Every structure is written in C-alpha cells, then in structure tokens.
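Copied over from Swiss-Prot:
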type	residues	note
BINDING	HIS13, HIS15, LYS99, ASP247	Zn(2+) 1 binding site
BINDING	HIS15, LEU16, ARG17, ASN41, HIS136, LEU219, HIS251, ALA263	substrate binding site
BINDING	LYS99, HIS136, HIS174	Zn(2+) 2 binding site
MOD_RES	LYS99	N6-carboxylysine
ACT_SITE	ASP247	active site
Amino acid sequence: MTTITITRPDDWHIHLRDGAQLKDTVRDISRYMGRAIVMPNLVPPAIDTETALTYYDRIKAQVPAGSQFEPLMVLYLTDKTSPDEIRKAKASGKIVAAKLYPAGATTNSDSGVTDLKNIYPALEAMQEVGMLFLVHGEVTDSSIDIFDRERVFIENILSKIVADFPELKIVLEHITTKDAVDFVTQASDNVAATITAHHLLYNRNHMLAGGIRPHFYCLPILKRNTHQQALLAAAASGSKKFFLGTDSAPHAKDKKEAACGCAGSYTAHAAIELYAEAFESVNALDKLEAFASFNGPDFYNLPRNADTITLVKKSWDVPATYPLGDTNVVPIRAGEAIDWQVE
C-alpha cells in the first residue's frame, strides 16, 4: 500500500463561519491541519482588533481535546481602517494579516474597500510593522466578464499596489488563472499565492457541462482547462511562491441548491486528501510537502510544524452531507470516492 509521510500541513485560507456552525467547521479543519488563516468576512465583519480576538476565542473554544490546532487571525480592511488599528492588531500577536475584499466581490464583502487609495495609510502601516496583505483579486465592475475579473484586477490594481509598496508582503489568494500564475512568478519575493484543491482538480466544464452543479460554484469562479493546468504546473513546480489555501467555504445545502445560490465550495472534510489527488495526477507527490507544509509558514515567517501526518492510498466514500450547525453542507466529492486518506 502506498503511503506518504509529510510535515503537518497548514491551511492558509479558510472560512470557519461562526455561531452554531463553528463547532463543525473547526472539527473538520483541526483533524490534521496545524494552523489556519481564518477569514474575517463574518456578519458583522472583524474590522477591528477586539472583534478579531473575540472571534479567536470562540474558535479556540471549539477545538477538540487533544488537537493543537491554532487559528491565525485576519483583520477585515475597510475604507476607514486606521494605521493605529493596524499597529494594535500586529501587537496582539494573534492577528497576522489584513484582508482586502473589494466591496461586493464575494460573500459578506459589502463592508469592503470602495477605493484603494482609502487604505493606502493602512498599507503603509502594514509595510512598516510587517503585517501581511491578503487580497481577493477580482474587480467588481459589472461590465467586466466574470471570467476576466481576476486578470483585470491584476493588470489594473494589483500591479500598482506591488509597485507602490515594494516591501509589503502580499498574498494573492485562491488564484484561478494563468495570468495570476505568471504575475506571481515574475513578481518580487514579497508576492505569493494560495491555490485551492478544487481549482486544481476541476474547471468550469465540471460546473456547467451536462447540467449546472452548484456545489462547484465559488468565487473566483472555476476557469477553463488551460488555466487549471497552469495552476497544477505552478503548485507542482517546487516554487516557494505557491502554497496551500483551501478557501473551504461552507453554505447550507438549501443556500447552494437555490435559484440564486451562494458562492463557496466545502473541502475542509478532506483537504489534504484532495490535494494529494491533484499532485498525483501530475506525478508530483514529492512536491506536496513543500506546497502544503513549508512554503506557507516560510512566507509568513513562522516556524514549520514539528510533527507529521501520514497519507495512505486507500479509497473511501465521501458522505452526501456533513452537519453544519442546525443544517447540512454538501462537500466537494459528495457521494463519490477519494483516493487518499489520512492514517
């Protein structure tokens, strides 16, 4: 039987939600992830240090006994985020980054940034204190085709931020295009990217051909196969600029299977197993550990995890749903098999 032992991985982008759902999301992600960058797009969002730290406490209260899982918190940037708030967040020791949501770009982004110039003072403070800048890289102009919004964001917005803040560490999150791969590859060492398992395993045909499959609908949206192949090549390249970020984003079954369904795919139930499938598909299992366990902490200037996990090449069937608070979530690969499992 094929087995792989790797340093315990981390998830550098996840949505844990809040309230009754928190118990279930934390249960799933803490099974073998050491740490996770927790997105702040709650209702209301974590726009200040106090809100982010009380959210940290709620997450920690749900970590199962015996797990060493540690949430890494993120500040939600708004037009009014002050340099003093950035310094206060950094001094907390638990908030490691601040997140740009262009207003209206994704779930619970209505409080986001309307004009980048509004956050330039905050970005200057982040550059000064060494706080990372996380970016949802899509424009929100309704005249821009949804499949082009990442590329246009990179061309019109991100390139300028990188030029204006050369010492700021920037993570372009959940990249979905060859354009993003090329930009990150060619940028300075201060620019990196996360890649999801579902963008490595699937493209827009899986979502749209032969019927609409709403559980593949996420933002940024799945792109064509050529972009999927570029993502696989980047993840398996050995480059230190790319690392694991699931963007696991649960929504209740009825919120996905609806006339106007929510954006987000749930992968926390089997994150590293799905990544193993993706890396195996391009004969690059030897590159999985760096992508999942080394590149993220190295970029964040945090220690790598000291312990290991073992993956076994053994098929198992994913349940049709998992509990999510007082409802259920349909996970990626629901009712189908996954080729790997954690021993």
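Backbone N, Cα and C define each Cβ position, glycine as well.
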Report summary line: Close in space but at least six residues away in sequence, with Cβ under 8 Å from that of HIS15 (Zn(2+) 1 binding site), the same-chain residues are THR25, VAL38, MET39, ASN41, THR107, ASP247, SER248, ALA249, PRO250, GLY264
Requested in this report: May I have the list of same-chain residues other than LYS99, HIS136, HIS174 whose Cβ is within 8 Å of the Cβ centroid of the recorded Zn(2+) 2 site, in sequence order?
Outcome: HIS13, MET39, LEU100, TYR101, THR106, LEU134, VAL135, GLY137, GLU173, ASP247
Report summary line: Least surrounded, by Cβ count within 10 Å, of the binding-site residues LYS99, HIS174, ASP247, ALA263 is ALA263
**Report entry** Candidate binding-site residues HIS136, LEU219, HIS251, ALA263, pick with smallest Cα gap to HIS13 (Zn(2+) 1 binding site)
**Finding:** HIS136
Query raised in the report: What is the Cβ neighbour count of ASN41 (substrate binding site) at a 10 Å cut-off, with all protein chains included?
Result: 22
Report summary line: Rounded to a whole number of Å, the separation of the Cα atoms of ARG17 (substrate binding site) and LYS99 (Zn(2+) 1 binding site) comes to 16
Query - Cβ neighbours within the same chain of LEU16 (substrate binding site) - under 8 Å, at least six residues apart - result: LEU22, THR25, VAL26, ILE29, ALA36, VAL38, MET39, ILE59, PRO71
Query raised in the report: Measuring Cα to Cα, how many angstrom lie between ALA263 (substrate binding site) and LYS99 (Zn(2+) 1 binding site)?
Result: 18
Query raised in the report: Considering only the binding-site residues LYS99, HIS136, LEU219, HIS251, which fall within 10 Å of HIS174 (Zn(2+) 2 binding site) when distances are taken between Cα atoms?
Result: HIS136, LEU219
Query raised in the report: How many neighbouring Cβ atoms, not counting its own, are there within 10 Å of the Cβ of ARG17 (substrate binding site)?
Result: 22
